[in-house]
Structure formats: structure tokens, C-alpha cells
Amino acid sequence: MRTPVIVGNWKMNMTPSEAKSLLEELVELDLDESVEKGICVPAIDLLLASEILKDSDIKFGAQNMYFEESGAYTGEISPKMLNDIKADYVILGHSERREYFNEDDELINKKVLSALDHDIVPILCVGETLEEREANKQEEKVKEQLEKDLKGIEGKDITKVIIAYEPIWAIGTGKTASAEDADDMCAFIRNYIKEAFCEDCAGKIRIQYGGSMKPDNVKELLAKENIDGGLIGGASLKANDFEQLINHKK
Ligand code: 3PY
């Protein structure tokens, strides 16, 4: 049995004062305890999240990190810094970072390995563009990303990684993959893990769907066999939506 995991991705939203109010609202919610839940916040809000969420079962994390522990890397944050504030997750390889900040699979792979070495759960995002989907190349694209991003992971615990399948055409567009298409791709990813690693690993690893998941469609998506949770954009910015997402089974 895999514990469902729903994590908000605030992206570049929420000033520290806005973040403080929303985090204070979140800790007051009555949330389903059987769902693992968390929020990945902008770097400037991390310390606030760490302080406000410390006595709640809402986990938190960053939206990016560099793979080195410290040094001359202006503007970056490190796994050691995330460890110091007890961050649980780091989102890696989000398509917005791949596209706007030129992050390639080699860099993402170093970050995934470093997160695991520092006991931070990497939420690794993979997914195809609209052109690739239209050319029926979604499996080819996702397989290539998985091969490159998970390279050298043997010897570490692959089942700690959360994989987020996020079709790029469904991100911030309001379009959602149909529950069947999303489940097919999550099944494809699970099968890849089975073949590249082991059957037990494939049974344990959690695969999220991301891309305009919201209160309206969460039930249908999470009812699918291979979808173990969601990485949530816009709908994680409102306490009421977050509550409905987490409490979708109630
Ligand atoms: C979205 O839902 O738009 C996302 O990109 C979640 O990461």
C-alpha cells in the first residue's frame, strides 16, 4: 500500500507576509491524516514554513537546490541548508526550471543524487511537450528523462524518490490530462522502474500527477491505480482548495 502524497508547489508566489498568513491558515485545517501532505515554497519563505509547520503533519520543502553543500555559487541554496531547517522535500527538474533556467538532465541528476545523500526527498518532475504528445512521443521523452535523471542511483534507495508526471501542456494552462492518459503515463513510469530497478521498487515508489490538478478533478485522478498523489500549482495557493485536495476522500 502506497501512502498518497499531495504537495503544493507555490512557484514564485507568496511574499513572506502572504506566506505567513497562508501557512497559519493551513495549520488550523482539519486535514486527512492518511494523506501525506506538504508545501514547497520559495526560498525566502522556507524558514517561515519550517517554524510555522514544525508541530503539524504538513511537511515542507524547496522548489530547487544546488547539489554542492556550500561554496561560491551565488544565489543558490544547498542541501545542507535545507537539512538545517529540516526540509522534507525538494522539487527537481520542474519543466519551468528546464525551460526558463536551462537545467539539463545532467544537472538534475546531480541534484537528485545529492538530495538522496542528504535525506531530502526529491520530487523529480518529468513530462512531455504538446508537440511530443501530438507526435505520440510522450513515452520516449519520459523514458529518456528517467534514464538520465536517475543515473547512478543504484546503491541508494530509489523508492525514496517521488516522481511527478507533469505533461508540460497541462502546466498553468488549466488543461488537465484525462485521468486515463495520466494513469497510462504513471503506469509507464512504474513499469520503467520495474525494468530498470526492481519489481518491489516499482510497487513502492510513489508517482504523482501534476498539471492543473484541482478540487474538481482530484478524486477522479487519484482513483486511478498508478496515480499516488499530486503536485499542485495554483490550487495550493488557497487554504480552502488545499483543504479540499487533501480531504478528497472525506
Ligand atoms: C501545475 O500544476 O501547474 C504545476 O506545475 C505543479 O507543479
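Glycine is treated like the rest: Cβ placed from N, Cα and C.
For H94 (active site, electrophile), the same-chain residues that are 6 or more apart in sequence and have a Cβ closer than 8 Å to its Cβ are N9, Q63, N64, C125, E166. As annotated by TrEMBL, active site, electrophile applies to H94.
In the three-state DSSP assignment, the secondary structure recorded for E166 (active site, proton acceptor) is coil. Annotated active site, proton acceptor per TrEMBL: E166, in sequence order.
Annotated substrate binding site per TrEMBL: N9, W10, K11, G172, S212, G233, G234, in sequence order. Annotation note: N9 (substrate binding site) sits in a strand segment as assigned by DSSP.
The coiled coil feature in TrEMBL is assigned to 128-156.
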Exercise. What is the one among the binding-site residues N9, S212 whose Cβ has the most other Cβ atoms less than or equal to 10 Å away?
Worked result: N9
Exercise. On the 0 to 100 scale, where does the mean pLDDT of the coiled coil (128-156) fall?
Worked result: 96
Seminar exercise, completed: Expected list for ligand 1 (Cβ under 6 angstroms, binding-site residues N9, K11, G233) reads N9, G233
For this session: Show, in sequence order, which residues other than N9, W10, K11, G172, S212, G233, G234 on the same chain lie with their Cβ within 8 Å of the centre of the Cβ atoms of the substrate site.
Result: N13, I171, I232, A235, S236, L237
Seminar exercise, completed: Taking every pair from N9, W10, K11, G172, S212, G233, G234, which the record gives as binding substrate, the longest CA to CA distance in angstrom is 13
Exercise. What kind of secondary structure is H94 (active site, electrophile) part of, going by DSSP in three states?
Worked result: coil
